[in-house]
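Contents: one structure, followed by commentary.
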Amino acid sequence: GCGACTVMISKYDPFQKKILHHTANACLFPICALHHVAVTTVEGIGNTKSRLHPAQERIAKSHGSQCGFCTPGIVMSMYTLLRNKPKPKMEDIEDAFQGNLCRCTGYRPILEGYRTFAVVSGFRQCSKRSGRTVMSSSLFDSSEFQPLDPTQEPIFPPELMVRWRMANCQPDLKQVCFKGERVMWIQPTTLQELVTLKSQYPNAKLVVGNTEVGIEMRLKNMLYPVILAPAWIPEMNAVQHTETGEEKERQYLLSEWELQYKRKTVSYFCSCFSHACDQVRDMLYHIYSFHSSSEILTHSPLISPCSTEGKRTVTMDEKFFTGYRKTIVKPEEVLLSVEIPYSKEGEYFSAFKQAYRREDDIAIVTCGMRVLFQHGTSRVQEVKLSYGGMAPTTILALKTCQELTGRDWNEKLLQDACHLLAGEMDLSPSAPGGMVEFRRTLTLSFFFKFYLTVLQKLSKHQNGPVSVAREGSATELFHKDPIASTQLFQEVPRGQLVEDMVGRPLVHVSAAKQACGEAVYCDDIPHYENELYLTLVTSTKAHAKILSVDASEAQSVPGFVCFVSAKDLLHVYTLTDGGSKSGLQVTCVGHIIGAVIADTQEHSRRAAKAVKIKYEELKPIVTIQVSWLRSVPSISSQSSVNFAIHTWLFSHVFSHSMWEYSFLLLSPFFLNCIVQFRVCLINVSFNRIGRPVRCMLDRDEDMLISGGRHPFLGRYKVGFMKNGKVKSLEVSYYSNGGNSADLSHGVSKINFLAGALIHVYTDGSVLLTHGGTEMGQGLHTKMIQVASRSLGIPTSKIYISETSTNTVPNTSPTAASVSADINGMAVHNACQTILKRLEPIKQANPKGSWEDWIKTAYENCISLSATGFYRIPDVGYNFETNKGKPFHYFSYGVACSEVEIDCLTGDHKNIRTDIVMDVGTSLNPAIDIGQIEGAFVQGIGLFTMEELRYSPEGNLYTRGPGMYKIPAFGDIPTEFYVSLLRDCPNSKAIYSSKAVGEPPLFLSASVFYAIKDAIYSAREDSGVTEPFRLDSPATPERIRNACVDTFTKMCPSAEPGTFKPWSVRV
């Protein structure tokens, strides 16, 4: 997940006799599980009216909040860490944020602000003079931060402790049962109660953290009528150490279990704790990962299921998993304990994982490998190789292990093992999950890493020579140093008035409210009386005729009001561009067919899923290649050249995926057919029912109906002479615009107009409204700064009113990074009107104050309200004649990036990036640098990990954070240096500034090309020197497949056309 809803869960543990604090995702944590638990939200630790908590203050004042949607979750992750460790290390801080995502800031300012909590902050601020220009790196002053005082934190509620009877550590609790419309939640307090309930309800799910069942019920349409919550059962809340040197684990938080194993020399799965973030790890009880069939088999631990018939002990071996998410544990049994052996002398264990993203991501392939040698030798006595992601269940490479037993650990064993694994770890080319060649290659790469790791340890323990110098880097565990960064900007000129805030790093005006949960987002708008909820009904077919739509089953859902479809809109709306009237066609998965209105969100969702639609399927066109072949004639070859190269370029689909979920917002421009259709559905619903209707899309719904940025297929031909001189070039680009004629098929004339409205009140305060939309980019903050300089008053006197068409009509879209330019000029224009009216008064009283002048103007009946207007002059371009002025000015920037790739896994690390960006004379260096860093990190996602994946039938797989991965805290460059180009004023925009926001995104291409250079180097080491194709994004799959070596050759691709792939590129 994104972690935006992170809260702190606190409870008293009678077994450890202390209060435990953990993070949890509120969207998943069941309210029923909060019995005897305290919940702390961001609103509970501080507010703007009294006092911000230091965790809130520092993220706000260090410019770590832009749109602010993720800010409360990040604050609570930091707060929980401080409650557990008031003096954390920087490593602790970075680990605490592994479950939090941010789309705006680029993460750097968040880490810099919270670095001030670290034991050794290492925080640097400096200024340097270059001629008359002073460059500074001081975006905030850490000396102004209030200190952290752990004694002032809220106490744990005493009433949650009095229920515990401490004799024999037995809780004084009674069984609790909650009953809903469809689900019953039972919380037993004794083991006997639990096994009795499991016998009574054998299909009941056991839930503690709800990290899996919650997702299944919320996103996968699964229903579990009975849920058992064993969190308070004493027998299932302990770790025991036996005399035989084994550790018997029972129900235990994974994060606590990790600490137990870090204190012991147990070589079991310790290297795989990175598979979950704190929000998941803190709520996950390790024993239940066995229940969900997510363990890897290496040590063959003993597990003890029990039921009303008693307890039994079974070995967790290759027979343990019987099918996908199925084990030999019987439905009526409860997994009571797991016995895990200590490692022995001469025994070595390693675990490996490869995912799209290093932090908080499910593995593509994971494995555990163990080998035991005969005493004092390098001869294999026992070996186990276990893989996840290569079959519906965890599997053992039994044939390979059998062949390796009794052999010496040497180069011959390595070669034979890889050939055996290549045959045994085979996958169908149509295997679910795709990436078949990559996954097969990883099985060999992981074993190679394991082989080298063990060889090193053998050499060390047996005092033998270390013979793996060349490949030694393959044995190194991933390590990322704390970030080092510097941000340089030009200080304001000497003599600039203190109250003139233009050019100064003013904090985002909404940052404090965002940091304490007071900022109001779309779904925070209070509910109206008698409000109903609307859920869209969308197509499950990419191309089909609708034969019938049956909503009769939906009518039986409690709270159902009505079903609205296209036929209800025909008198108010003409469907175009493939719109779906009854009996006509749907042209994509996610095409809106209708909507269900009910009394609650949950009821409307259930009813929408109950609507039955019959289709007559038609052949879909999913990929741009198929569309191109059907519509574009072949390009003739060129002559008069020595050589000609014909090839393809391919950019990819990319989803912006801001974390605030889509809400009903009406914009006067760029309403494509999907948004128009959705708006009309809600309008018709309101008119038909006469009650307010709310529509709030979850992330998966939003991504399904909104589509992504349009990928381009490029075909180019180049002719050149033997000396390399290019003689001719022909390039054609084809944009995949999806199923609707929106921005891909030409943009109507855009009038870059802006308006503003200024009200000045008799006390001297100013209310400012403009036509731009604040979405985190600091537009409101900059407009306050512009008004401050224009009127010559402090920013503290200026207040902003949210954008609305009843104050500033006919606004231009807040897009193309020009909003500060055009709205700033409109604000300046309005301010000049006010100043012109005040001029006679100022001349009559030149020593008067702003308040004096305003009071006099009011007494003399002078209007203190003015509108402002601005349009970009002389911008227009004719694509047919290739004439005109397409842009008012140009934005410049340069970036240099250094990366390191793992040639065996396709993983990469962003080591360093240096950026110099021309933003003219910055209106606000903190905001501009934040926009540059945020765009760059978003571009890292664009060029290295974010990809929409579709089935051959056109079904979108990547509908949310579960499969669509954006960069996390650990993906930013370890060294991140950003400088604003000095002494470069821009006379064509407000106060000599320039646009910022979108332009820096493409600077992330430096990361992509650095990766490609690294691949070139790796290929040269393998003796491969010819050019190669690397499509964007450079995912681990593409990086690894491009690093051609012995292992990739052992896992060849199947011939195209001989199989049906799991996914296709659109």
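Keep in mind that glycine also has a Cβ here, set from the backbone N, Cα and C atoms.
Note on Cys5 ([2Fe-2S] cluster 1 binding site): other Cβ atoms within 10 Å of its Cβ, all shown chains, come to 19. Annotation source TrEMBL lists [2Fe-2S] cluster 1 binding site at Cys2, Cys5, Cys27.
The [2Fe-2S] cluster 2 binding site annotation in TrEMBL covers Cys67, Cys70, Cys102, Cys104.
For 178-345, the entry in TrEMBL reads domain 'FAD-binding PCMH-type'.
Taken from TrEMBL, the feature FAD binding site applies to Leu206, Val207, Val208, Gly209, Asn210, Thr211, Glu212, Val213, Leu335, Lys353.
Taken from TrEMBL, the feature Mo-molybdopterin binding site applies to Ala816. Of all the Cβ atoms in the protein chains shown, 15 others lie within 10 Å of the Cβ of Ala816 (Mo-molybdopterin binding site).
Taking a C-beta cut-off of under 8 angstroms and a sequence separation of 6 or more, Glu998 (active site, proton acceptor) has the following same-chain neighbours: Ala816, Ser817, Ala935. TrEMBL lists Glu998 with the feature active site, proton acceptor.
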Note down the number of other Cβ atoms within 10 Å of the Cβ of Cys104 ([2Fe-2S] cluster 2 binding site), including every protein chain shown.
26
So of all those binding-site residues, Cys5, Cys70, Cys102, Cys104, which one's Cα sits nearest to Leu335 (FAD binding site)?
Cys5
Please give the greatest C-alpha separation between any two of the FAD-binding residues Leu206, Val207, Val208, Gly209, Asn210, Thr211, Glu212, Val213, Leu335, Lys353, in angstrom, as a whole number.
27
Near Cys27 ([2Fe-2S] cluster 1 binding site), how many other Cβ atoms are within 10 Å of its Cβ?
16
Using C-alpha atoms only, work out the spacing between Cys2 ([2Fe-2S] cluster 1 binding site) and Val208 (FAD binding site) and round it to an integer in Å.
20
For the binding-site residues Cys2, Cys70, Leu206, Leu335, which Cβ has the most other Cβ atoms within 10 Å, all shown protein chains included?
Cys70
Compared by Cα position, which of the binding-site residues Cys5, Cys27, Cys67, Cys70, Cys104 is the closest one to Leu206 (FAD binding site)?
Cys27
Cβ-based neighbourhood (8 Å from the centroid) of the [2Fe-2S] cluster 1 site, residues Cys2, Cys5, Cys27 excluded:
Gly1, Gly3, Ala4, Thr6, Asn25, Ala26, Leu28, Gly73
Between the binding-site residues Cys67, Cys102, Cys104, Val208, Glu212, which lies closest to Cys27 ([2Fe-2S] cluster 1 binding site), Cα to Cα?
Glu212
What are the sequence-distant neighbours of Cys102 ([2Fe-2S] cluster 2 binding site), meaning same chain, six or more residues apart, C-beta distance under 8 angstroms?
Cys70, Ile74, Ile110
